[in-house]
């Protein structure tokens, strides 16, 4: 039996039943990687403490309200708020001493002014100082000048565990403002700016509370909106089964009509301006640059450019319709074929929920490991200078190493004179080399895990739709439970192939992330035109490589699901098969993208408009059932994003059906000839378009 006869026998039976495991080595590597990922998770969960990242810490790195010595001090107090006005506090923190306190200040207080008014003894009882400071041995001025105690504090309120001054009380107190300005030589505006800078960072907590409240009140309405988007998505798939052809042809005619009108209008404007003397005869090169776009519309060259562009576009579309009309008809017929396949195997519309759940679990595990791993290790302290930068030029080597790491308890006593204006401040938890390696491993695990789940879903759907295509009498000859059988085949035989394909995409995505990191570093240290151009080219190349490999992977999984071959062989056969039919591939891809784009645009836009009218109380019949919200855009955006996601789930199944049936169709045309021994499995409509028929 020849090679063609063997392939013919394989295809006639649809997905082969007698198959063996493929790419076993890749499966072993993937399992070993998962074991390593699990060990990293255990290591992080055992040694990490996320409370270090989630709760405020004082200048010694201790967690307020959590550390054994600070159980009764849950709030963080900042000595000098003027140091918090710099935007860099969002990343580096506020470069001022920070201590944990039992309660936030309830009054406005200036230490030196108070000492002059009420005496040293009473003033010392109101001071907020660092630990292990004996206030009785020094005067109030010495305590303030040496940085042991805060020189002032303001009436504050706790916000996400931090003491944030009340701007209203501060700005209303003219006497207190004058006292600070006169005593400390610090304008009240700087304190206000520092408070605003810190409050902007912490206001997110209250905002999240309001958003959570909106979700708790409107969740049932959001679920109804998502259910409606699911129904519309299903209806659109059914609609494409019957109206794919009219939708495509009407869209093409509409585009040509709009371009024709635009061509005529541009020609009229060009003719009018051609006969006008003056500014319209200027060229673009002679005209000075301006942001007023209307100025360019007064030039005949502008309308001539529009005229040429529209003329070329119309010519290209008309030539495509003339020479590719049969291929467009084939693409439309295949889309209708795919709609019938999805309608026959309705379980495929529910199946994407399961991969989505597993992807959520992968993301959740990654987030937990990243959080715990980031909190592994000891607290690191660094010398911070007056300009909020790490100052490593201090000569106090007894408590400072070459990297600027310091010992907080001995810094002030030993290094005050060598490092004037600098403080030894908590910098981060962990941050060592091993934690960085764990985070890189964890990030790669996220990519490989997500792409593995996605690839497994693709190969399962491909097997189900291939079973439908290679049934001669549809749907009578379609095997029972095609989706379940395809799932079992993929799990028992082809997890190695899934791991192989997803590993390639994960490696490319990791390289893209590395390029983004390098791009940021290059912009920091050598922001030149040449460097930006090179980085842009590299990122563009790897983006295109990822898109190409995703295309190869998807088609490789289709042939793997049908023929039971390994990844390399399936990818090679699929690529050569598509290369021999490149014109059909291009037309089908663009027609499919166009229809799915219209579908998602209609669904998302409809749900956005509907949710806007609902949550802004513009539908009077249901206003009494709609609860008030703090931010009405929160449920609207959630509904729109949910509609986009749900339509993506349905259309991903539809896209996979089209890709699978298209490859099966190409195999059908190459292997079969319509004879009784090798009949065509395609629909009657496709055979009529190709001028073929079964002789039996």
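Using N, Cα and C of the backbone, Cβ positions are placed for all residues, glycine too.
TrEMBL tags one of the stretches 528-549, 594-615 as transmembrane segment, and that stretch is 594-615. Of all ranges given (271-290, 331-350, 391-410, 411-430), TrEMBL attaches the label transmembrane segment to 331-350. In TrEMBL, the feature transmembrane segment is placed on 556-579, out of the ranges 172-195, 556-579. Proximity of distant same-chain residues to the transmembrane segment (491-515), defined by a Cβ-Cβ separation under 8 Å and at least 6 residues beyond the stretch ends, is recorded for 19-27, 29-30, 443-444, 447-448, 451-452, 454-456, 459, 535, 538-539, 542-543, 545-546, 549-550, 553, 556-557, 560-561, 564, 566-567, 570. Segment contact holds for the transmembrane segment (356-374) and the transmembrane segment (446-471), given three or more CB pairs below 8 angstroms at sequence separation of 6 or more. At the 8 Å Cβ cutoff, the transmembrane segment (556-579) and the transmembrane segment (446-471) share at least 3 close pairs (sequence separation 6 or more) and count as touching. Outside the transmembrane segment (303-324) by six or more residues, the chain places 252, 255-256, 259-260, 262-263, 266-267, 269-270, 273, 297, 583, 587 with a CB less than 8 A from a CB of the stretch.
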